[in-house]
């Protein structure tokens, strides 16, 4: 470009010289030709200048480019050296499709066959994964190449499509088909308002639901809301149930969460049987609750200030708060305490001798610690062979120094009275042979082959009523006797109602009318009463915590446990066959989050059922003998311990789940919800040991919050009732009620068929 511009300039100058013979005119008069040549020269110079500017830019760009290449290490392009490779040994098709081919010194080599095939890599055959049975039972498996495929889940089941490749996958991954609950999804043909029972892969239709009448053929119609079960008009409050009594009369009972006389019901927040506000009726249960939010079914109020002891910070009104008062229920502002135990002189039954337990066996006002005749049988303790059981005759058949009245082996000498399983039968004579499973060993069972935990023997002939065809021994067989438990050979029946005059209104002749008798067919049991109870410590040798402290109120119908303790039971002495057991459960503190509950079917300290409720998930702090993890929620367990009370049973009770040779988990509330602080719950238990029927329900206020539904288990065929605690303080069990009941519930049969 520069050379070209210079060439143009030289040509122009030459032209100028040629035209003027080398001379420029001296005047200002330029000829036209000269002017034209100057203009052309000027234009040429302008072009040269532009070309020079462009050339400078290009040179600068080339310079910068070269410098940048030097900075990044780039070298001038070189022609690559040509190499000659030998011909590849891995020719197409040498290996099975999808198999890698590798050249080696010894020639080409094929890799393994793909998943779902077997062979040497060059030749691969399909694997039949169906031989591993990856599909759900009754589902067809289809082998593909490669892999397998399962057909859809069978009718009554649902699940995702299932397919895969390879034997390893087929063995490790089975088709999952989940039972369809047709009763929940509506995929059933049961008539509306009837019971639908889900079965594996199908369903069954049952009777009409409560509150409805009819059947599957005619349909289920709502029972008139204000009628009694016998069809007569109901006089009850809208929040009360009409109940038919044994004699055919009707009673009204307020529903859960309500209290009153049944004709009138009001809200009952704490579920203790007393309404929050006074009702317009005169019965005791119509009075206003003196502790609206704390259950106190006895309504105790020692200072008569209208505030119940259970919620009164100064129950005795002496100016000293309960938590510091050494006599919280007896007025003593001076707090005098001569013997220095936990109790002030005003309420201490042994003022000059320490006795924190305040036990008073004969209820004479003098504690056992300072009473020279503990049982009140007029025989002084040092010479009394049963110092805690009245026995003025001092009979001692086996001569072991322990009177028959308190001897756990009266026919066999055993002065130590050892009884490791707490069943009142000493180890010296305890055979543990109980073929009918009712908790009474065969040698002491009045019906050894028929479960009868209550051991009722109305005519005292040594043969239990359960296996005696003439219970009252009046010569009339039970099947024809209009008073089965009361002798009446004449069978008088003035009103011809089928019930003999001798037992009319009081079937067991215990002088408690059937309407209020909790066991109208057992003269030995009349009212709910836990005032006499057996204490069972389930970890007696452990050092984790202290033992429970039980306080009984309301004439034996309320129990309070005050301590953060080891696992323990308070067990009543009455044994039951079939029973209904209900009560109100309340933790009256915001401290701790552990177990509380109740027991039934108690036969000994190794054999019982327990319903227990944990508030929060927690691992037990004693890792020996094994790690135990408690989950929140309600649990129903069958305890059958091979070791009995101790660390093994302790950790097994804490653990949610089965523990071999200790505990089986029969049911757990699927909600996994713990109990709430200072909240009342009402439970209802039905136990029919003759068929293994168990069902437990929990209410929070009027709302049903948990239902085990029907559980069938015959581990314990009857036993005693009680309450349970484990590491939880300030538990209240209020408004306790039990009732003998051998009637089989209607929902038993459907469950039996389901489990058959």
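Glycine is treated like the rest: Cβ placed from N, Cα and C.
Here's what Swiss-Prot has on this protein:
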type     : residues : note
SIGNAL   : 1-20     : signal peptide
REGION   : 22-85    : region 'COMP N-terminal'
DISULFID : 90-101   : disulfide bond
DISULFID : 95-110   : disulfide bond
DISULFID : 113-124  : disulfide bond
CARBOHYD : 120      : N-linked glycosylation site
DOMAIN   : 126-178  : domain 'EGF-like 2'
DISULFID : 130-141  : disulfide bond
DISULFID : 135-150  : disulfide bond
DOMAIN   : 179-218  : domain 'EGF-like 3'
DISULFID : 183-196  : disulfide bond
DISULFID : 190-205  : disulfide bond
DISULFID : 228-242  : disulfide bond
DISULFID : 236-252  : disulfide bond
DISULFID : 254-265  : disulfide bond
REGION   : 322-502  : region 'Disordered'
REPEAT   : 359-394  : repeat 'TSP type-3 4'
REPEAT   : 395-417  : repeat 'TSP type-3 5'
REPEAT   : 418-455  : repeat 'TSP type-3 6'
CARBOHYD : 741      : N-linked glycosylation site
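Long-range Cβ contacts of the repeat 'TSP type-3 6' (418-455) within its own chain (Cβ-Cβ under 8 Å, at least 6 residues beyond either end) map to 407-409, 411-412, 462-467, 522, 534, 536, 575-577, 601-607, 644-645, 689-690, 714-719, 740. Within the same chain, the residues at least 6 positions away from residue 141 (disulfide bond) whose Cβ sits under 8 Å from its Cβ are 129, 130, 133, 134, 135, 148, 149, 150, 151, listed in sequence order. A coil conformation is recorded for residue 741 (N-linked glycosylation site) in the three-state DSSP classification, outside any helix or strand. Candidates 124, 183, 242 (disulfide-bonded residues) were compared with residue 205 (disulfide bond); those inside 10 Å Cα-Cα are 183.
When the recorded positions 101, 183, 196, 228, 741 are compared by Cα distance to residue 265 (disulfide bond), the shortest distance belongs to 228. According to DSSP, residue 236 (disulfide bond) is assigned to coil rather than to any helix or strand. In space, 101 is the closest of the disulfide-bonded residues 101, 124, 190, 242 to residue 95 (disulfide bond), judged by Cα positions. Here residue 120 (N-linked glycosylation site) is positioned 55 angstrom away from residue 183 (disulfide bond), judged by their C-alpha atoms.
Here the domain 'EGF-like 2' (126-178) has, by DSSP, the following mix of helix, strand and coil residues: 10 helix, 13 strand, 30 coil. In this structure the alpha carbons, written CA, of residue 113 (disulfide bond) and residue 120 (N-linked glycosylation site) are 7 Å apart. The most densely surrounded of the disulfide-bonded residues 183, 196, 236 is 236 (count of other Cβ atoms within 10 A of its Cβ). Counting only the Cα atoms, the space from residue 90 (disulfide bond) to residue 120 (N-linked glycosylation site) is about 16 angstrom. When the disulfide-bonded residues 110, 190, 236, 242 are screened for a Cα within 10 A of the Cα of residue 254 (disulfide bond), the ones that qualify are 236, 242. DSSP assigns residue 113 (disulfide bond) to coil in the three-state reduction, placing it in neither a helix nor a strand. In this structure, the CA atom of residue 124 (disulfide bond) is 14 Å away from the CA atom of residue 101 (disulfide bond). Note on proximity: of the recorded positions 101, 120, 190, the one nearest residue 242 (disulfide bond) is 190, by Cα distance. In the predicted model, the domain 'EGF-like 2' (126-178) has a mean pLDDT of 94.
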